[in-house]
Every structure is written in C-alpha cells, then in structure tokens.
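*Asks:* Dumping what TrEMBL says about this protein:
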- B:Asp45: active site (ACT_SITE)
- B:Glu117: active site (ACT_SITE)
- B:Glu41, B:Asp114, B:Glu117: Mg(2+) binding site (BINDING)
- B:5-128: domain 'RNase III' (DOMAIN)
- B:155-225: domain 'DRBM' (DOMAIN)
Protein chains: 2
Amino acid sequence: MMDDLDRLARRLGYRFQDPALFELALSHRSVSRRRNNERLEFLGDALLSQFISTELFHRFPDAAEGQLTRMRAFLVRGQTLAEVARELGVGEYLILGGGELKSGGNRRDSILADALEALIGAIVIDSGEDTCRRVVLEWFAGRLEQISPQSVRKDGKTRLQEWLQARKHELPAYEVLSVTGQAPRQTFEVECTLPDLDRRFVAAGASRRRAEQQAAEQALSWLEQSS
Amino acid sequence: MMDDLDRLARRLGYRFQDPALFELALSHRSVSRRRNNERLEFLGDALLSQFISTELFHRFPDAAEGQLTRMRAFLVRGQTLAEVARELGVGEYLILGGGELKSGGNRRDSILADALEALIGAIVIDSGEDTCRRVVLEWFAGRLEQISPQSVRKDGKTRLQEWLQARKHELPAYEVLSVTGQAPRQTFEVECTLPDLDRRFVAAGASRRRAEQQAAEQALSWLEQSS
C-alpha cells in the first residue's frame with residue numbers, strides 16, 4: 001500500500017506528512033460508515049471552489065460575474081473533477097468496500113470526484129492552505145489556461161430567452177407535461193412554447209431543469225435554422 | 001459619504017485601506033451595469049463558504065458530512081446573510097440606483113445578502129485572506145456558538161422518508177399536479193402519496209422542490225399525530 005501511495009504522491013505533486021490522512025481521503029463510504037472520506041470531501045469541496053473562484057477573479061479582470069460563475073461551474077462540476085482524478089490516476093488507489101468493488105465503483109465519476117475533493121481537504125489539514133492551493137491549481141493548470149469567458153456557453157434556456165428578446169419576441173413558456181417513475185429515477189417531460197411563433201417543443205430529462213434545457217435547445221436550433 | 005463609511009467600518013470591525021473598494025462593494029447593479037458589486041460578490045461568496053466550512057469542520061470533529069452540510073447551508077443561505085447584513089447596518093449604506101431606491105430595495109434580502117458577500121470579497125482584496133477570515137468569523141460568531149449538528153433539521157422529504165423506512169412502510173411518491181403562471185413566478189402544485197397508507201397530501205409552492213417539501217411536512221405531521 002505505501003509503495004502505491006508513493007507512486008500516487010508523485011502524480012499528485014504532493015507527499016503527505018501523515019499517511020493515515022492520505023488513506024482516509026481515498027476511503028469510500030462503502031469501506032466503513034464511520035471512517036471514510038466524506039468529511040474531508042465536505043472540506044475540500046469548499047476549498048476547491050474558493051481556489052478556483054479566486055483564480056478566475058484575478059485571471060479575468062474584465063469578465064462579468066455571470067461569466068465567472070459559468071467558468072467556475074464548468075471547472076468544479078463532477079464531470080471535470082472525475083476527469084482530473086483520472087488524469088492523476090486516483091481511481092487505481094481508491095479504497096472501496098465489497099459492493100462498490102464488484103460494481104466497478106472505481107470508475108464511477110461521482111466516487112472519483114468525491115475522492116479528489118477529499119484529497120484537497122486532506123492536503124489542507126496536512127500542510128495548510130498555501131501549499132494546498134498551489135498543488136490544486138497545478139492540477140487545474142491546463143484547464144485554467146484553456147478556459148475563457150467566451151468558451152463557456154450560457155445554458156439553453158438563457159440563450160433562447162436572449163435570442164427572443166433581441167428580436168422582440170414573446171418569452172417562452174415551460175410546462176411539465178408528465179412525471180413518470182419514482183424519485184430519484186424520474187423522467188420529466190416538458191413542453192417549451194414560443195407563444196407568438198405558435199411553436200411547441202417537447203423534451204424529456206432526468207430532472208425538470210434538464211428537460212427544460214433540452215426543449216430550449218430544440219427551440220433554438222429550429223429558430224436558428226429557420227431564420 | 002466618508003463619515004458614513006467610517007461609522008459602518010466600526011460596525012463591520014474592519015477599516016478599508018482603499019475606500020473605493022468599500023464603495024464598490026456597496027454599489028448595487030442598479031447604479032451601473034459596469035461598475036457594481038457583482039464581481040466582488042462572486043469572490044466573497046466562495047470565501048464565505050470556505051471560511052464557514054473550515055470552521056464547522058474543526059468545531060465539530062464528530063459531525064457527519066450531512067450534518068456539516070446542513071449547518072453550512074443554514075449559515076450561508078440568503079436569509080441568514082441578510083440578517084447579518086442588517087445587524088451590521090449595511091442596508092443604510094447601500095448605493096442603489098433610482099428604481100431600486102423607490103422600491104425600497106435597501107430592505108430586500110437578496111440585495112443585502114449580495115452586498116455582504118461583496119464586502120467579504122472587497123476585504124480579501126484589501127487585506128488578504130487571514131484578516132478577511134478573522135473579520136468574517138467575528139460577524140458569524142454568535143451563530144457559530146449557537147449552531148449544532150442537532151439544531152439543523154433535515155428537510156421534510158428526508159425526514160418523511162426516514163420515518164417511513166424505520167416503520168417498514170412504502171416510500172412516498174411525489175407528483176406535480178399543475179404548474180401555473182410564467183417563470184420565474186410559477187406556482188407548483190404537488191401531491192405526496194403514501195401508497196400503503198392510502199393517504200394523499202397536496203401542497204403548493206414557488207418551486208417543485210418547495211411544494212414537495214411542504215407536502216412532505218404535511219404528511220409527517222399527520223403521521224406523527226395519528227401514530
């Protein structure tokens with residue numbers, strides 16, 4: 001185990017003074033209800049958001065608040081964290097209980113993302129905030145170089161609204177047509193109506209929000225093609 | 001203006017080296033689309049969450065992640081921030097444009113909460129993170145003394161689910177009965193069904209989530225009274 005952790009330490013760019021903290025950060029809840037990485041994840045999540053926010057604030061002195069918020073959302077969302085965790089090789093070192101091991105838990109995005117956040121929490125306890133910030137920003141260095149206020153698009157509903165407003169059209173109306181299944185595995189069917197254009201677009205999704213975004217995207221592509 | 005800011009500085013427990021930054025933090029978007037406190041609010045929001053998270057993590061070494069998350073949510077929600085802003089007298093010093101002034105904007109919770117976050121962002125730029133953390137934790141000192149893992153209840157849907165599971169009942173089902181009005185002023189009517197108890201509870205709210213929580217609370221009080 002310690003050899004493995006040594007290898008991971010090199011990839012992380014950080015060597016723990018307290019190896020127990022390192023192991024705790026990699027311990028999924030399926031190992032133990034009491035001794036797992038959930039508290040460290042709570043801590044790391046808040047630190048990550050602050051590091052990224054502060055970095056974006058200073059990197060983009062002319063970006064509006066909405067642009068900063070969208071860039072942050074992209075960088076700290078579960079999918080991005082799971083990608084970073086994969087690049088660092090975190091998945092190989094996850095400590096999982098029987099059930100999660102069998103189900104291929106070390107590949108699941110959410111477990112990887114949570115472990116990455118837990119590592120951040122563990123590093124801050126092990127070495128303080130300055131070191132932690134330096135290590136974490138290095139993990140995100142490539143993505144921070146790539147991102148720009150222009151590269152992160154607004155969501156479909158916002159773009160649809162702006163498109164319609166710019167052309168003096170009425171705003172869209174969204175209505176839930178049906179909700180099927182039991183939470184948390186529900187499917188929402190949503191209709192997006194463009195009142196003065198007399199068009200309706202129906203889409204489904206795992207949440208009302210997702211279904212609405214999907215319907216808005218459909219409306220947008222129709223508008224962009226037919227205008 | 002500078003005398004006013006002096007008085008506010010005493011109440012905040014912090015004196016700005018750069019008075020322009022102080023004024024910017026108090027400048028609502030209604031004053032200027034370009035020169036307002038929105039970017040500072042973005043920065044301050046992330047710092048506040050990190051300060052509170054770190055503090056809770058260390059104050060409650062035995063709290064579970066879910067308890068920490070609920071305590072943080074209580075402390076950083078808009079309503080709490082608006083209360084803190086009122087205690088510090090921030091409302092009197094807000095710099096608002098014509099429209100917001102007339103509509104009593106300086107009393108609106110969201111404007112107060114945003115200004116408080118913007119002040120946090122301004123302090124960190126003015127004096128760095130250590131000073132900022134000390135000032136901010138002082139604002140929240142009373143609430144941090146009061147709060148405990150037990151004092152922050154789980155939400156209604158979670159408590160209902162746990163109540164039913166503990167008694168081997170079937171889980172509740174939620175269904176949207178109707179959505180009326182145009183976003184963002186919609187009203188959701190939701191039904192919560194307890195299948196094996198053959199009971200239904202209907203509630204309305206400004207979001208599907210709120211309506212569901214409300215219906216779950218109704219179901220819970222019925223269960224607690226009739227059991």
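All positions are counted from 1 along the displayed chain.
For all residues, glycine too, the Cβ spot is worked out from N, Cα and C.
Walk me through the surroundings of each of these features.
*Replies:* Around B:Asp45 (active site), the C-beta neighbours below 8 angstroms that are at least 6 residues distant in the chain are B:Glu117, B:Ile120, B:Gly121.
Its own atom aside, the Cβ of B:Glu117 (active site) has 27 Cβ atoms within 10 angstroms in the protein chains shown.
In this structure, B:Glu117 (active site) is part of a helix by DSSP.
Mean pLDDT for the domain 'RNase III' (B:5-128) in the predicted structure: 92.
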*Asks:* Per residue, counting other C-beta atoms within 10 angstroms of the C-beta, which of the binding-site residues B:Glu41, B:Asp114 reaches the highest number?
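*Replies:* Of the binding-site residues B:Glu41, B:Asp114, the highest Cβ count within 10 Å belongs to B:Asp114.
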*Asks:* DSSP three-state call for B:Glu41 (Mg(2+) binding site): helix, strand or coil?
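*Replies:* Where B:Glu41 (Mg(2+) binding site) sits, the three-state DSSP reduction gives helix.
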*Asks:* Run through the domain 'RNase III' (B:5-128) and tell me, per DSSP, how many residues are helix, strand and coil.
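*Replies:* Going by DSSP assignments, the domain 'RNase III' (B:5-128) contains 91 helix, 2 strand, 31 coil.
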*Asks:* Taking the recorded Mg(2+) site as B:Glu41, B:Asp114, B:Glu117, identify the other residues of that chain whose CB atom sits within 8 Å of the mean position of the site's CB atoms, giving them in sequence order.
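*Replies:* In sequence order, the nearby non-listed residues are B:Asn37, B:Glu38, B:Leu40, B:Phe42, B:Gly44, B:Asp45, B:Ala113, B:Ala115, B:Leu116, B:Ala118, B:Gly121.
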